[in-house]
Amino acid sequence: MDDDDSGIQEEPAPPPPPPPPPPPPPPLRRLLTATRSGGSRWVDGSEVGSSESAPWSLDGDRSLRLSVDSAASAGGASGGGGGGGPLSRASSGAFRRRFGKQPRRVDSLDVEAMSVRGAHGHSSKEISMLSTVAMAFQTLGVVYGDMGTSPLYVFSDVFSKVPIKSEVEILGALSLVMYTIALIPFAKYVFIVLKANDNGEGGTFALYSLICRYAKVSLLPNQQRVDEDISSFRLKLPTPELERALSVKESLEKNPVFKNILLFLVLMGTSMVIGDGILTPSMSVMSAVSGLQGRVPGFGTDAVVIVSILFLVLLFSVQRFGTGKVGFMFAPILALWFINLGTIGIYNLAKYDISVVRAFNPVYIYLFFQTNGIKAWSALGGCVLCITGAEAMFADLGHFSVKSIQVAFTAVVFPCLLIAYMGQAAYLMKYPFAVERIFYDSVPEILFWPVFVIATLAAMIASQAMISATFSCIKQAMALGCFPRIKIIHTSKKVMGQIYIPVMNWFLMVMCIIIVATFRSTNDIANAYGIAEVGVMMVSTALVTLVMLLIWQTNLFLVMCFPVIFGSVEFVYLTAVLSKIQEGGWLPLAFSSLFLCIMYTWNYGSVLKYQSEMRGKISLDFILDLGSTLGTVRVPGIGLVYNELVQGIPSIFGHLLVTLPAMHSTIVFVCIKYVPVPYVPFEERFLFRRIGQKDYHMFRCVARYGYKDVRKEEHGFFEQLLVETLEKFLRKESQEMALEASAMAVERDDVSVVSDIPSSPVEAGDLHVPLLSDQRLGDGTQTFITEGNTPVLPTSSISEEDPSLEYELESLREAIASGFTYLLAHGDVRARKESFFTKKFIINYFYAFLRRNCRAGTATLKVPHSNIMRVGMTYMV
């Protein structure tokens, strides 16, 4: 039979004896961390013996990773296509300890996600060429509106500072514009900055979250090792670049000054983007409307201001309907606009003076500065307007792909803008005094009205892009704890990024009206416009440089070239625009300072409040001493205790025990936590653990969200999912106990994770998807627990062998029938008496003012007021 089974024919020699059976797998234990003495430790606290392998493996791409398999698969190192021998246990342990320091205390939530499906990366789908072209067409209407409308006002602002005396001024200004576009948007953003994306997300906060994942630089101390397993987290083999990256990482983590500087840069960049949201609509709309001057008799400055204000009111009034209602028109209008720019530019080149192509010679930049001196330096403030909106290429990356943005800029935007500016320069070579309205004067008479209509629509679309970017920045800042809670309305059921913030919308409208009515001139607004743009670019340069050092591990020479080349150019432009502070440049600085103070104060107060909660948390021993009744009467019902702690029992629970005459039979501590990733997959969102013994009926639930995730769940559906998940948790816990008992395992670690994954793929952009899934948890749902791929026992057999499970499930059903109660803290944050005056002023007045006027936390839960119970607390920070 053995010969037949193995397919061996008759041979004179007897078959070799079968190999000895492999040793049985070790007990269900998991490797967690390295001990202080250099050894390894299991989750249950026992040391790894000398015969057990270190928790490392070397895979084919020559990268180190922490093994999440059972001990049977964790031993040794396996070589791959990349070759290379196994690392020694001592060197790998020291390297791991240096890359990511372990928490002092082993908490179950630090281990639970080690078996999360997809923890080591998510496969990226290749986008077809047709899809890339279609996406590139869409970027014209969303990304490039601001930059595309810059020909309306660039030359008029430049030559308002440098009068045209000869062709040197025209060719020099044209050469400056051409090389500025080629250097900043084309070289910096298209080829470098776009690659520094956070899983396809761009913007200042995306860079910050990317840095926070590789170094613990967030000031809010709620980071956990478990968060590293949300997305791919790999350690490369030791190299000089990696050693340098580790040194940078350690410096950032150890020095609180560096953390504050990094946060300050991020908040300043975000504040500048909000400033752009105020200045862009004012500048774009007023530039488009000013084309009627000289064409319509009696249409003077007052008429321009009034019509611009009417357009602005209309623009902000339709925001509540969402960009999706008119978004399909954006790309065709902007495509038509770029075609007009290129066509009119070619017409002017052919008709007036094609010799302006000499501006490709950068020597005219030198002649421009040599001839005009300080005036030429002042003209840089107008020249920088040609790259307004360049940051949108990176900020709006989440809606498109890197390749689509690169294709659109390289194939359409870049050539059309160059031709448009050359056409205007050719017109000025013949009519040097037509600088005030150079764009409309260079348009052929027969095309004026069609071009005016398209220009006005393009200006409003450009304004829409910056308004939407402002809304997105506010939402991201709120998610990362850097902005007070305000109302956010999702205007699309399919597109997650389409949001509307009423308070910010009307604030922007009022500010835009004030700016137009006060400045009354595009040249004066341009003085303020440039500061915000250059400020955002310099912040992105600093953050991308840090990404190169810490994450990309680029060669040091190339790293230094990036800030030296681009940073020096941006610094020169910054000095030019800062010289216009008295002429209107103070405006963006005032707006940025206001929002910077708001965001930094909110973050500062939130960090102090969290630290105060950590100091006041209740010990588990105290809860155990109270017994299963918790020192009070347990009545049927489920109490959801909302708190911000990821570990420990919050102090609000102690207040509840003292204040309430009875306590719910089932207690779930719910922590809503935002992690520095754009999206958390639904199957990785929830972490569960049991607190105390079974008869306590107390659980912890940590719900993790990315800074671009949407929380839009009705309380009834959320409660249903929570209960079903809790039931799954209890069954898997019982199953785990049965398996360990049958395997004669060592003392069981009572930690489990339930990941409920829908049988059909879930799209992150669908707002109908709730916290876990949009399906009832049933037979078609896969479940995973921490102890690897353990076999699943039938529910019936488990319930027969474990009566305590049926008792606990019956108690849960009784609690469900009695209903849910949401228990929240209504806290007052006060500075301690011994604090400095500045801290008292910030916390007791400014932060308290923001807390009183921000949106209440209960408003985001969408729970009937009859189901909410709030307990007053005072946090001394």
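Just so it is clear, glycine is given a Cβ too, placed from its N, Cα and C backbone atoms.
Membrane topology from Swiss-Prot places S290 together with L349 on one side. When Swiss-Prot is compared with the stretches 359-379, 380-400, 464-484, the one noted as transmembrane segment is 380-400. Among the ranges 261-281, 639-659, the stretch that Swiss-Prot annotates as transmembrane segment is 261-281. Of the listed segments 127-147, 736-756, Swiss-Prot assigns transmembrane segment to 127-147. Within the chain, the transmembrane segment (174-194) has long-range Cβ neighbours (under 8 A, six or more residues past its boundaries) at 147, 154, 202, 356, 359-362, 364-365, 368, 379-380, 383-384, 386-387, 390-391, 393-394, 397, 402, 405-406, 409-410, 414, 417-418, 421-422, 425, 537, 540-541, 544, 562, 566, 569-570. Note on the topological domain 'Cytoplasmic' (401-406): its mean pLDDT in the predicted model is 88. Fewer than three CB pairs closer than 8 A are found between the transmembrane segment (584-604) and the transmembrane segment (127-147), and contact between the two stretches is not assigned (pairs 6 or more residues apart). If you look at the transmembrane segment (556-578) against the transmembrane segment (380-400), you find at least three C-beta pairs under 8 angstroms, all six or more positions apart, and that counts as contact. Within the same chain, residues 146, 149, 152-153, 301, 303-305, 307-308, 311-312, 315, 437, 439-440, 448, 452, 455-456, 458-460, 462-463, 512, 515-516, 519, 522, 525-526, 529 sit at least 6 positions outside the topological domain 'Extracellular' (282-295) and bring their C-beta atoms closer than 8 Å to a C-beta of that stretch.
Here the transmembrane segment (380-400) touches the transmembrane segment (127-147). Their Cβ atoms form 3 or more pairs under 8 Å, with each pair 6 or more residues apart. Proximity of distant same-chain residues to the topological domain 'Extracellular' (520-524), defined by a Cβ-Cβ separation under 8 Å and at least 6 residues beyond the stretch ends, is recorded for 153, 156-157, 160, 283, 286-287, 290, 301, 304-305, 583-584.
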